[in-house]
Amino acid sequence: MKIFSADQIYKADKSTIEKEQISSDMLMERAATRLFEWIHTRLQGAQVNIQLFCGIGNNGGDGIVLARHLQEHGYNIQVHVVNYSEKRSKDFLLNLERLKDRKIWPDFINEDSSFPLISPEDIVVDAIFGIGLSRPLDQWVANLIGHINASRAFVLSVDIPSGLPMDRPPVSEVIEANHVLSFQVPKLVFFLPQTGIYIDQWEILDIGLDTEFLTHEEVGYELIGPPDVLPLYRPRNKFSHKGTYGHAVIIGGSYGKIGAVQLASNACLTVGSGLVTAFVPKCGYHSLQTALPEIMVLTDDDDENIEQITIPFVPNAIGIGVGMGTSEDTAKAFGAFLKKQENPVVIDADGLNLLAKHQELLKSVPAQSILTPHPKELERLIGKWDNDFDKLEKTKKFSSKNDCVVVIKGAHSITIYKDKGYVNSSGNPGMATAGSGDVLTGMITGLLSQGYEPLAACVFGVYLHGLAGDIAVHQYGYEALKASILVENIGRAYQELLRPPNRENSQES
Ligand SMILES: NC(=O)C1=CN([C@@H]2O[C@H](COP(=O)(O)OP(=O)(O)OC[C@H]3O[C@@H](n4cnc5c(N)ncnc54)[C@H](O)[C@@H]3O)[C@@H](O)[C@H]2O)[C@@H](O)CC1
Ligand SMILES: Nc1ncnc2c1ncn2[C@@H]1O[C@H](COP(=O)(O)OP(=O)(O)O)[C@@H](O)[C@H]1O
Ligand SMILES: [K+]
């Protein structure tokens, strides 16, 4: 699903109005009607106290229209206009008049007003600012937002939590939304660590913006869910054999860190690679052979570290770096290995740390190779960033300059290739556990070996990895989720992804 910038949303808005020959207040009416339907479906007329805080722009206008619908259906409402500017929007004013025509008189909150009491049992509708927020809040507006946050009432934000800008981190108070009803498209800020913290849950309301515009407009980011990954899936064919799905090699490990290779190799095999070989220092031989009878093991001459990488065949895919250490000898072996590679490789963990330490090695990394850093590893590679937006821009530049795919791992891992980012939607905090990144490396390598293109292997692999975590969490909970359990659930993740949407229904009938 595409993620649009504020400018693009305004364009979609305009294009809809022109094509459908409707007025802008009709679009506002449509948006607010969707809000009303959402609330009405859940509350069914319950006499809870609903306090609507409306700004003076179109986000406020949405709130005002919603208030009218709620009142018409007998809800218990209080409407507050947060009077932060004289520049009221046309459609806000029009709907304010309509509200007054129905004898609903909002109270106006100004700089010197005292704030209304909000009980924890109330529902707050936050329609103060939408995507038009363009400068820091006046102090009294920030105080009001603080007052709403302190109320512990359920807060439903219209389009985006008020105070949260679309393209940079907030500098003052932001509404902490329990639920955001966002129009038509998700917003990038929902998914970044610095800004996503203000949102508990979010949902898209389809307000029928111009489909042609939405389809053709180029975007910088996409949110990746099942409809985006399913087309990437490469089905198995009946007459295939293990050679069809490639021979993958996982290179890594050092004394005390052989487990990383075990996890990655197991994930690589489980995701469907035809054959998997692990290349480790000698000390890893017995444990790997015992733990994973399906994989083959090659060893370095050194007992504890990788010092020379020799692979006596041409693998279909290679993942390198997990648990590998960063000794000088390993760095040399890694450099020599990179120089020999012609096809994309997957580089993780200490492979990334070595690249950061010896940046001259970057030029030996084959085109379209995959780098899978967590934020610390990314910082070592690209330097410090000012904020999450800057981080993404810097990563895009790095990706373009070095022609590589970068998977920025995190709660919403973002795969960057050149000027485009793919935001993952699966996964959960149970995956913040030792080795879960090693599992991802193995999965992406295993997908590459089966013939997935590098970018597809990342987008598909990251989603499948998160889905395995989401399935596992039902059985284990967050705390007990371990990396090896992720591997055990890769098969279920495939099944879940490929399950026909209405199968449950048809089984019942
Ligand atoms: N196409 C869409 O998605 C639609 C959007 N609608 C609503 O329109 C909203 C955008 O409306 P607006 O563009 O009027 O913007 P907002 O309602 O977000 O903000 C109102 C105005 O406040 C001013 N402002 C910005 N920062 C300020 C600050 N810190 N202090 C004081 N004033 C400030 C700006 O001039 C801005 O236009 C969306 O978020 C959505 O809720 C809906 O009405 C219908 C259709
Ligand atoms: N809060 C979270 N929600 C979803 N996924 C997460 C979360 N925390 C971590 N992950 C995922 O777990 C993996 C952790 O990788 P990494 O930090 O490299 O761990 P390790 O080095 O221990 O293998 C990444 O794929 C990341 O996206
Ligand atoms: K809002």
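Glycine residues also receive a Cβ, built from the backbone N, Cα and C atoms like all the rest.
Predicted automatically and left uncurated, TrEMBL annotations should be read as such.
Sequence annotations record features per position, and here TrEMBL assigns domain 'YjeF N-terminal' to 9-215. Per TrEMBL, the feature (6S)-NADPHX binding site maps to 58-62, 130-136, Asp159, Ala260, Gly323, His374, Asp438. Residues or ranges marked as K(+) binding site by TrEMBL: Asn59, Asp126, Ser162. Per TrEMBL, domain 'YjeF C-terminal' is recorded for 225-497. Per TrEMBL, the feature AMP binding site maps to Lys409, Gly410, Ala411, His412, Ser413, Gly437.
Annotated features taken from TrEMBL, shown on the structure.
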residue : record                   : DSSP class
Asp126  : K(+) binding site        : strand
Ile131  : (6S)-NADPHX binding site : coil
Asp159  : (6S)-NADPHX binding site : coil
His374  : (6S)-NADPHX binding site : coil
Lys409  : AMP binding site         : coil
Gly437  : AMP binding site         : helix
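Looking only at other Cβ atoms within 10 Å, the busiest spot among the binding-site residues Gly61, Gly410, Gly437 turns out to be Gly61. Residue pair Ile131 ((6S)-NADPHX binding site) / His412 (AMP binding site) shows a Cα separation of 22 Å. Taking a Cβ cut-off of under 6 Å from any atom of ligand 3, the binding-site residues Asn59, Asp126, Ser162, Gly437 reduce to Asn59, Asp126, Ser162.
The binding-site residues near ligand 1, defined by a Cβ under 6 Å from one of its atoms, are Asn59, Ile131, Ser134, Asp159, chosen from Asn59, Asp126, Ile131, Ser134, Asp159, Ala411. Taking a C-beta cut-off of under 8 angstroms and a sequence separation of 6 or more, Ser413 (AMP binding site) has the following same-chain neighbours: Val407, Asn424, Gly427, Val462, Gly466. Shown in sequence order, Pro165 are the residues of the chain, 6+ apart in sequence, with a C-beta less than 8 angstroms from the C-beta of Ser134 ((6S)-NADPHX binding site).
Of the candidate binding-site residues, Gly410, Ala411, Gly437, the one lying closest to Asn58 ((6S)-NADPHX binding site) when CA atoms are compared is Ala411. Checking the binding-site residues Asn59, Ile131, Ser162, His374, Lys409, Gly437 for a CB within less than 6 Å of any atom of ligand 2 leaves His374, Lys409, Gly437, listed in sequence order. Asn58 ((6S)-NADPHX binding site) has a Cβ environment of 26 other Cβ atoms inside 10 Å.
On the backbone, the CA of Ser162 (K(+) binding site) and the CA of Lys409 (AMP binding site) stand 28 Å apart.
If you draw a 10 Å sphere around the CB of Ala411 (AMP binding site), it holds 16 other CB atoms from the protein chains shown. Of all the binding-site residues listed (Asp126, Asp159), Asp159 has the fewest other CB atoms within 10 A of its CB. The separation of Asp126 (K(+) binding site) from Asp159 ((6S)-NADPHX binding site), Cα to Cα, is 9 Å.
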